[in-house]
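These notes concern the structure reproduced below.
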Amino acid sequence: MSQEKASSPSGKMDGEKPVDASEEKRKEGGKKKSKDGGGDGGRAELNPWPEYINTRLDMYNKLKAEHDSILAEKAAKDSKPIKVTLPDGKQVDAESWKTTPYQIACGISQGLADNTVVAKVNKVVWDLDRPLETDCTLELLKFEDEEAQAVYWHSSAHIMGEAMERVYGGCLCYGPPIENGFYYDMYLEEGGVSSNDFSSLETLCKKIIKEKQTFERLEVKKETLLEMFKYNKFKCRILNEKVNTPTTTVYRCGPLIDLCRGPHVRHTGKIKTLKIHKNSSTYWEGKADMETLQRIYGISFPDPKLLKEWEKFQEEAKNRDHRKIGRDQELYFFHELSPGSCFFLPKGAYIYNTLMEFIRSEYRKRGFQEVVTPNIFNSRLWMTSGHWQHYSENMFSFEVEKEQFALKPMNCPGHCLMFDHRPRSWRELPLRLADFGVLHRNELSGALTGLTRVRRFQQDDAHIFCAMEQIEDEIKGCLDFLRTVYSVFGFSFKLNLSTRPEKFLGDIEIWNQAEKQLENSLNEFGEKWELNPGDGAFYGPKIDIQIKDAIGRYHQCATIQLDFQLPIRFNLTYVSHDGDDKKRPVIVHRAILGSVERMIAILTENYGGKWPFWLSPRQVMVVPVGPTCDEYAQKVRQQFHDAKFMADTDLDPGCTLNKKIRNAQLAQYNFILVVGEKEKASGTVNIRTRDNKVHGERTVEETVRRLQQLKQTRSKQAEEEF
């Protein structure tokens with residue numbers, strides 16, 4: 001990495017003149033033809049640039065000059081000594097409106113300064129070159145930190161946004177960081193984006209990175225910004241609909257100026273490698289009746305090695321894609337006549353039902369009672385619960401006898417009716433109601449993605465109605481439940497406690513008491529957990545659980561959420577032990593698998609189609625050595641079928657024995673039972689596994705018994721343990 005010198009209070013790098021490529025380009029008058037891109041059938045850089053770029057830049061430069069003058073005056077008049085506290089408790093002397101986080105980082109070590117992506121001042125992310133304003137705490141975040149990654153990818157999105165304006169000339173919309181990388185949406189009057197354009201876009205991005213364009217932050221009045229962005233109706237919508245303050249911020253890099261809260265990296269040169277890898281179309285703010293936008297996705301890293309690792313990871317993820325494996329293994333499919341609703345074929349249905357049986361077996365041990373509730377409810381139910389006001393767009397609704405009804409998108413309101421259908425006593429609490437009811441959510445067709453984003457699904461949904469003082473024990477039970485299930489799957493997980501948000505409903509004392517009980521439960525649970533302050537729902541604190549799959553991806557499936565508001569909305573009460581008949585229960589919303597469909601997608605990709613024996617839709621393949629053993633092979637298969645195994649036979653006369661065994665291994669049959677004349681005479685089978693481990697000859701009865709044991713214990717390595 002290049003060594004950089006400390007910045008001056010203005011944010012410029014001492015001894016290094018920031019490159020303003022846009023000014024140089026404008027001086028050229030657009031007479032030189034761009035050499036970037038276009039040679040592979042894709043688009044090339046526009047020449048000249050769209051007029052709005054020059055107009056916007058002229059306006060910005062005037063505002064920036066005024067801002068710099070005001071800042072210099074403020075630094076001269078109002079600057080005073082301040083104390084900056086570092087994470088180790090050490091305090092550093094600084095000057096308000098002059099000293100920047102970057103200067104402090106340089107004072108510690110140049111290596112630290114070079115590797116810092118962004119600062120965190122008083123727990124808020126902050127530009128490295130933005131002067132500090134008062135006494136504060138300071139953290140210096142490297143790329144490994146999640147918040148730093150978000151900033152790094154956000155800055156990369158601006159680089160790509162600049163390239164998109166210079167290539168397409170359209171109107172930029174939103175360009176956020178996402179879980180792995182970033183995207184930018186653009187509205188084009190004509191035409192669209194092609195993957196053939198990626199090369200010219202990447203070439204231009206590399207040029208922008210090489211220029212080390214400084215990221216500049218500027219606070220501007222809303223009405224001025226409406227004038228600056230009058231060419232772009234989408235930015236004007238954001239200003240009019242989302243900005244409720246007199247001023248907001250824009251950021252500039254080169255000729256790009258965009259509405260943005262920031263912060264950003266110091267300059268574009270901090271992005272060491274950038275790849276554009278995907279494009280799609282979408283609607284403005286996801287609404288099907290709004291304009292169609294072009295979306296381009298990218299990824300970037302501070303080290304080319306990380307990009308190579310990412311590309312390798314993408315290839316592995318592609319090979320594990322549940323949609324491909326589902327097709328290849330004949331587990332499930334989708335059809336245009338019912339978008340977002342999966343058709344589970346017999347072998348896929350086996351996985352689905354086995355997962356539900358697993359959860360049901362745990363319900364019996366843990367005191368849950370399974371219920372069945374309606375699929376369709378009058379809209380009055382959803383008005384009472386509050387979902388109609390906030391969620392009706394995502395519900396399938398229709399008229400019945402002049403009244404509005406809807407398919408249920410969740411089970412909790414129906415469970416509230418169950419609790420309320422007769423008087424309840426403290427003796428009945430905790431009441432644990434479980435429901436595998438079918439749910440429907442009206443997802444946009446463009447958002448539907450295999451089994452991970454569907455319209456029709458089922459959850460291992462449960463609601464615990466309990467007294468306030470029972471919360472701690474119930475949460476302990478929920479945590480133990482999820483550990484039991486996830487250990488069977490081989491998932492590790494991480495836990496976050498999300499506490500009271502700024503805009504919460506209810507009594508603060510109830511919140512404090514509940515949060516304390518959640519903390520106690522987590523501490524006793526014994527697994528590492530982190531506090532996520534202020535990130536709870538408005539109606540109660542929650543525990544967020546993320547599982548980690550075989551290739552290192554995290555997925556949120558389980559839910560443990562306290563709810564103080566739904567019992568109030570439905571006026572749920574019980575008679576307490578001291579005779580108070582207005583006592584209010586607390587609801588614990590709880591799921592372990594979450595959506596069964598989504599969990600099947602995760603498990604498919606986690607195992608790469610190599611299902612563990614207990615869950616496998618192809619547990620046993622019986623292979624006869626020749627046609628004279630076909631009848632015996634069918635008899636053996638029937639014995640395994642009767643013992644409730646997923647068993648098949650390969651009677652194909654056109655295949656050799658070795659070919660049949662290889663086919664069974666490729667189809668991921670856990671156990672392959674070869675039968676010849678010897679086995680036929682002695683009532684035995686010769687056992688090998690899909691990984692070609694040979695277990696030798698056993699009687700059919702002995703084999704059935706052993707496989708039943710392995711199935712009942714849900715062994716992760718049944719083939720080895722046999």
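Glycine is no exception: its Cβ is also placed from the backbone N, Cα and C atoms.
Some features that Swiss-Prot has for this protein:
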- 1-48: region 'Disordered' (REGION)
- 13-27: compositional bias 'Basic and acidic residues' (COMPBIAS)
- 78-142: domain 'TGS' (DOMAIN)
- THR245: phosphothreonine (MOD_RES)
- THR452: phosphothreonine (MOD_RES)
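Taking each of the modified residues THR245, THR452 in turn and counting other Cβ atoms within 10 Å of its Cβ gives the largest count for THR452. For the domain 'TGS' (78-142), the number of residues in each DSSP class (helix H, G, I; strand E, B; coil) is 15 helix, 26 strand, 24 coil. Between the alpha carbons (Cα) of THR245 (phosphothreonine) and THR452 (phosphothreonine) lies a span of roughly 38 Å. Under the three-state DSSP scheme, THR452 (phosphothreonine) falls in the coil class. According to DSSP, THR245 (phosphothreonine) sits in a coil region rather than a helix or strand. Taking the domain 'TGS' (78-142) as a whole, pLDDT averages 96 in the prediction.
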